[in-house]
Amino acid sequence: MTLTAAIVLAAGEGTRMRSRKPKVLHEFAGKTFLNRVMDAVGALDPETLAVVVRYQAQRVAEAARSYDDAVLIVEQDEIPGTGRAVQCAMEQLGEQGPLSGTVLITASDMPLLDTSTLKQLLDYHRDSGDGATVLTTVLDDPTGYGRIIRDADGNVLKIVEQKDGNSSELAVREVNTSVYVFDAAVLEQAIANLNADNAQGEFYLTDALTVARQVSKVGAFAAPDPLSVEGVNDRVQLASLAKAHNLRVCRQWMLDGVTIVDPQTTWIEDEVEMESDAVILPGCFLQGHTTIAHDAVVGPYTTLIDATVEPEAHVERSRVQESRIGREANIGPWTYLRPGNEIGTGSKAGAFVEMKKAHIGDGSKVPHLSYVGDADLGENTNIGGGTITANYDGVHKNHTHIGSDVHIGAGNLFVAPVNVGDGVTSGAGSVIRHDVPGDAMVYSENTQHVVDNWKPAWER
């Protein structure tokens, strides 16, 4: 079936979120609601993908274009309602020529809407021959949702909104998901006859189904997975849906051979990749394009963002962002790896160590209480506790090079740019301002002064 157009409705404010930003720009498992829905719809390859905006229109439009710069942005005018949003979209789509074929319409506040469900909906619509099809689901508590009212033959009569329903209508548990498929000709007739005769004084898209029924049959397809069409109206619903989704994600990873000790406290975003026999301890957040290899151990209480963890590495109580941790390397506890680090095989970044754009050679160790930024270390080098690479001169970031088989004493300060050759040993408390040749000893003579019988001024 050719999908002529897909219309994503993203014009609403989402007042129940109590937020300064539009509801569709809130995030779910690492992506905005809007981009997640556009992912699902875009995979259907519609001839035109349109996004309707109104509240903070420019901000929402920019987010939509960040997904696909070819997206058609439709700005809804001051007339409220989802029906009016579709009218605006159809007017703009019509400027490209007469519409034929099939039009998909979806809300943008269903972060788990998936391409598979949409394909099944389109197939059902094609096979049924109906002029319009609504995607539905059955809820234990349908409060707040539009109810699907059917006739004796099971055909859809209408959709009744919560504020407009009587007691028998509100007792219905089958609800509208705000996803529809129309034949283009049926949709054009239906939206041309909408009115605002309802409690909200808005143009409801749901009324288009009542109008459509006058010229064609209206069918309904029940989503096989209710979670995939669950909408988010407030932060309570957001947290509930996020937890349910995350537990599913954790369960699937466990079935795939990953050990997750406590799924209740482990959060894994959708684009994370892991190999079997990886171990995730409690309290971990795995985000972005993070990859974790077999036999690596992550946690407890660790955050990985776009990080790569190679086999048999161990990352404990640390935060790692845009960095690669080599095979059998040890990170933590309480290590902060900012973007751009490469930690070599069997290397270590220990307690209270911060690194940024550091390349640590195989077998090298930065055990504790150090800052290593804009620096590279060779192999089998040991950095004493309390060492700092002073990389910033107030204007530029400068580089420090420390070679292989180097032994740096405690409390060293490297004033970049500076190069230290292979096999160097430095004394404790040294300030290294100039290059040091290989196989040398370097130390700073800081004279120690002792004042006998000293008393502070207030005791004299």
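Every residue, even glycine, has its Cβ placed from backbone N, Cα and C.
In the three-state DSSP assignment, the secondary structure recorded for L9 (UDP-N-acetyl-alpha-D-glucosamine binding site) is strand. Using a 10 Å radius centred on the Cβ of L9 (UDP-N-acetyl-alpha-D-glucosamine binding site) and all shown protein chains, the other Cβ atoms total 25. Per Swiss-Prot, the feature UDP-N-acetyl-alpha-D-glucosamine binding site maps to 9-12, K23, Q76, 81-82, G146, E161, N176, N233, R338, K356, Y371, N382.
The C-beta environment of N233 (Mg(2+) binding site), restricted to residues of the same chain at least 6 apart in sequence and closer than 8 Å, consists of G14, R16, M17, K23, D109, G144. Swiss-Prot lists D109, N233 with the feature Mg(2+) binding site.
Listed as Cβ neighbours of the region 'Linker' (236-256) (distance under 8 Å, sequence separation of 6 or more from its ends, same chain) are residues 17, 26, 28-29, 111-112, 227, 230, 263-264, 266-268, 270, 274, 276. Per Swiss-Prot, region 'Linker' is recorded for 236-256.
The feature region 'N-acetyltransferase' is assigned by Swiss-Prot to 257-460, with sequence analysis given as support.
Marked as active site, proton acceptor by Swiss-Prot: H368. DSSP assigns H368 (active site, proton acceptor) to a strand in the three-state reduction. Within 10 Å of the C-beta of H368 (active site, proton acceptor) there are 19 other C-beta atoms, taking all protein chains into account.
For Y392 (acetyl-CoA binding site), other Cβ atoms within 10 Å of its Cβ number 12. Secondary structure at Y392 (acetyl-CoA binding site), as computed by DSSP, is strand. Feature annotation from Swiss-Prot assigns acetyl-CoA binding site to N391, Y392, A428.
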Count of other CB atoms lying within 10 Å of the CB belonging to N391 (acetyl-CoA binding site): 22
Between N176 (UDP-N-acetyl-alpha-D-glucosamine binding site) and H368 (active site, proton acceptor), the C-alpha gap once rounded to whole angstrom: 57
Fewest other Cβ within 10 angstroms of its own Cβ, chosen from the binding-site residues G81, G146: G81
CB contacts for D109 (Mg(2+) binding site) [other CB atoms within 10 A, all chains]: 26
Cβ neighbour count (within 10 Å, all chains shown) around A11 (UDP-N-acetyl-alpha-D-glucosamine binding site): 26
